[in-house]
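According to Swiss-Prot:
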| type | residues | note |
| --- | --- | --- |
| BINDING | Gln353, Leu393, Glu394, Ala395, Ala397 | ADP binding site |
| BINDING | Arg664 | ATP binding site |
| COMPBIAS | 670-681 | compositional bias 'Acidic residues' |
| COMPBIAS | 720-744 | compositional bias 'Basic and acidic residues' |
| DOMAIN | 295-502 | domain 'MCM' |
| MOD_RES | Ala2 | N-acetylalanine |
| MOD_RES | Ser160 | phosphoserine |
| MOD_RES | Lys293 | N6-acetyllysine |
| MOD_RES | Lys547 | N6-acetyllysine |
| MOD_RES | Ser611 | phosphoserine |
| MOD_RES | Ser672 | phosphoserine |
| MOD_RES | Ser681 | phosphoserine |
| MOD_RES | Tyr705 | phosphotyrosine |
| MOD_RES | Ser708 | phosphoserine |
| MOD_RES | Thr719 | phosphothreonine |
| MOD_RES | Thr722 | phosphothreonine |
| MOD_RES | Ser732 | phosphoserine |
| REGION | 664-744 | region 'Disordered' |
| MOTIF | 477-480 | motif 'Arginine finger' |
Amino acid sequence: MAGTVVLDDVELREAQRDYLDFLDDEEDQGIYQNKVRELISDNQYRLIVSVNDLRRKNEKRANRLLNNAFEELVAFQRALKDFVASIDATYAKQYEEFYIGLEGSFGSKHVSPRTLTSCFLSCVVCVEGIVTKCSLVRPKVVRSVHYCPATKKTIERRYSDLTTLVAFPSSSVYPTKDEENNPLETEYGLSVYKDHQTITIQEMPEKAPAGQLPRSVDVILDDDLVDKVKPGDRIQVVGTYRCLPGKKGCYTSGTFRTVLIACNVKQMSKDIQPAFSADDIAKIKKFSKTRSKDVFEQLARSLAPSIHGHDYVKKAILCLLLGGVERELENGSHIRGDINILLIGDPSVAKSQLLRYVLCTAPRAIPTTGRGSSGVGLTAAVTTDQETGERRLEAGAMVLADRGVVCIDEFDKMSDMDRTAIHEVMEQGRVTIAKAGIHARLNARCSVLAAANPVYGRYDQYKTPMENIGLQDSLLSRFDLLFIMLDQMDPEQDREISDHVLRMHQYRAPGEQDGDALPLGSSVDILATDDPDFTQDDQQDTRIYEKHDSLLHGTKKKKEKMVSAAFMKKYIHVAKIIKPTLTQESAAYIAEEYSRLRSQDSMSSDTARTSPVTARTLETLIRLATAHAKARMSKTVDLQDAEEAVELVQYAYFKKVLEKEKKRKKASEDESDLEDEEEKSQEDTEQKRKRRKTHAKDGESYDPYDFSEAETQMPQVHTPKTDDSQEKTDDSQETQDSQKVELSEPRLKAFKAALLEVFQEAHEQSVGMLHLTESINRNREEPFSSEEIQACLSRMQDDNQVMVSEGIVFLI
């Protein structure tokens, strides 16, 4: 642990004089003199000083500043106030204190929350991380003024604690009475307060070691530094590392809480910008012009070269990396430009490998899994601070990936409650929190790339895609594209895949030694707030194409060149900036194809539809066409871009491949076989029933409440074979007579109403013909003849309303 040296007055004045000489650089370059004048003109009170400049001018003082921060910063701030007073005395009286912020190269003191140990206490350190929690901004009293009405005196009191630079904190007791127990009144207008906020930063997920929880550290922000950051921001904090004693009751425990008292907060870029040189820009322009016809195909072919096949999926992922155009309309509505993709398929079809490639290629990507993520873990959570008890807002994965990509593996393993939480993020690009007295809105403008397995583990070809997917339509419509990746048995394709995988295992990177373990995602860390080698990186040459390797690229033709990963990142970064506009021709084509997709969706029910065709599909077509135009570095979305977008949507929505047609034929053959078997079984049962009826006794009646026999027996009850030929002739004569009688519709309706009354009065399901005739013609002006009754009953029999058997009418 670095020992803290308490400066006496002589050393403090000497340090103050050294810092004043450093700021007064009029005879040198006048950098800080100009900065102080700008500070006065901008009405600011914090000066940003580079440690590199101080190290060049006074190396001894710079080392003392880094190792003994509290006393040195107090001297530095006093020197700044004296220097401001020498330039503008009236401005120096406006503020009680002026503050110093540091930047530059900190060397070994440029750390992460994991490497921030006790040896850095009382030192100036620079910590990188992601903001995960932010407390509310609260006023903190610095000086209170109290008035005593009895004595007519005014009492002033200053407050300092361990979060200030003063070496000895004062008592925190707020005075209410003077020495003579006279009550005091607080003069709030004369009291001085400062803003106070506490944030928590967590180490970068890409720098955290695998298998270990990410570390975090609390940062205290005061005055002008508050509200500079929000959850999800990647920042560099320069400040003093200090320990605070942990109190339990009236005693101080042996464990200490450490905080970082910030003096400068620098926001790192949302998009990690690669270093561009003039040569890189020239190569990007040349590549887009020379390959203007097939630039999209070339980039998609070079995407994830270690994965064989999946051409349409690679094109879609390239569109996801490029993105559409985000629009904020005048009426306040938001149209997202991010593209969301869902990959569903059998195991071992490289879904997770495609996700991993996006993690390495996208400028900002956050990986999560379905089982290891909750709804609030993906969006945002409101937590309670253990010490103060106040509410805090904690950012989730989608908020941390703002302006980036969220890769969710095992998407089907999430619960429905957790999946519902991301609905707003996927469409509106923001997270709205309204709970525990906190109403906040966080930006989460990120693309979602999810991978999932079908409901049955493997894709069942005899079920519809919607049954295999098993996700609700409200979620599927938010995905722009949904790809079904099948593991099909094709000897030729299997041979190509096996050859490709074996070549990947035989490849060894240049300079790799035998038995060396390769570090995952290792890179050189820059131990400064600014990249000192930025100009040197600019001069490095970026190759457009990869050097041909027989193991990596196989025995392909020399014409099929692979774009290098470094050039791909730079090209995508430049292409994302372009905002192409729709032409009239492409807009008309997209509208026509959208209406055709809707009609195709409603007309052909046997088509293998993967997701619903809604109004969001129209926006999907526009986003995909815009991304294709970005790949061409075009300022307009032309007809060829719209055609490519429609082709992608047709492939993803309807799966128009030959295998699907074979499956439909096979399914139809199976259905015809089933129908033949059913017909045979029906014939067999009818023959059995005929045999039973021939052996039945004479006069045996049909029981309408016996459902043991099938419905096919019912029409045979009309003409039982046990009846003699005389009854058959009578029945035939009756039917002939009924056919001769002409019935009018009012007459038929009257008969139906009278028949219903007869059944209701009898409270039975069957009535004899004689009783029926008497009941219908009772008290009727125009009675029904027997021919009319037979005609009405035959009409109702044809409509399956009644059944007549052996002089008994049954109500169906």
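Glycine is treated like the rest: Cβ placed from N, Cα and C.
Sequence features annotated in Swiss-Prot and their locations in the structure.
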residue : record           : DSSP class
Ser160  : phosphoserine    : coil
Gln353  : ADP binding site : helix
Leu393  : ADP binding site : strand
Ser611  : phosphoserine    : coil
(request) For Ser160 (phosphoserine), identify the closest of the binding-site residues Gln353, Ala395, Ala397, judging by Cα separation. (result) Ala395
(request) Sorry to bug you, but what's the C-alpha spacing from Ser611 (phosphoserine) to Gln353 (ADP binding site), rounded to the closest Å? (result) 24
(message) Whole-number answer please: how many Å between the C-alpha atoms of Ala397 (ADP binding site) and Ser611 (phosphoserine)?
(response) 26
(request) Go ahead and report the DSSP secondary structure tallies for the motif 'Arginine finger' (477-480): helix first, then strand, then coil. (result) 0 helix, 0 strand, 4 coil
(request) Give the number of CB atoms, excluding that of Glu394 (ADP binding site) itself, located within 10 Å of its CB. (result) 17
(message) Quick check for the class: what is the C-alpha distance, in angstrom and rounded, between Ala395 (ADP binding site) and Ser611 (phosphoserine)?
(response) 31
(message) Could you tell me the mean pLDDT the prediction assigns to the motif 'Arginine finger' (477-480)?
(response) 84
(request) Between the Cα atoms of Leu393 (ADP binding site) and Ser611 (phosphoserine), find the distance and write it as a whole number of Å. (result) 35
(message) Can you give me the Cα-Cα distance between Ser611 (phosphoserine) and Glu394 (ADP binding site) in Å, rounded to a whole number?
(response) 34
(request) Would you mind pulling the longest C-alpha to C-alpha span across Gln353, Leu393, Glu394, Ala395, Ala397, which the record has binding ADP, in angstrom? (result) 33
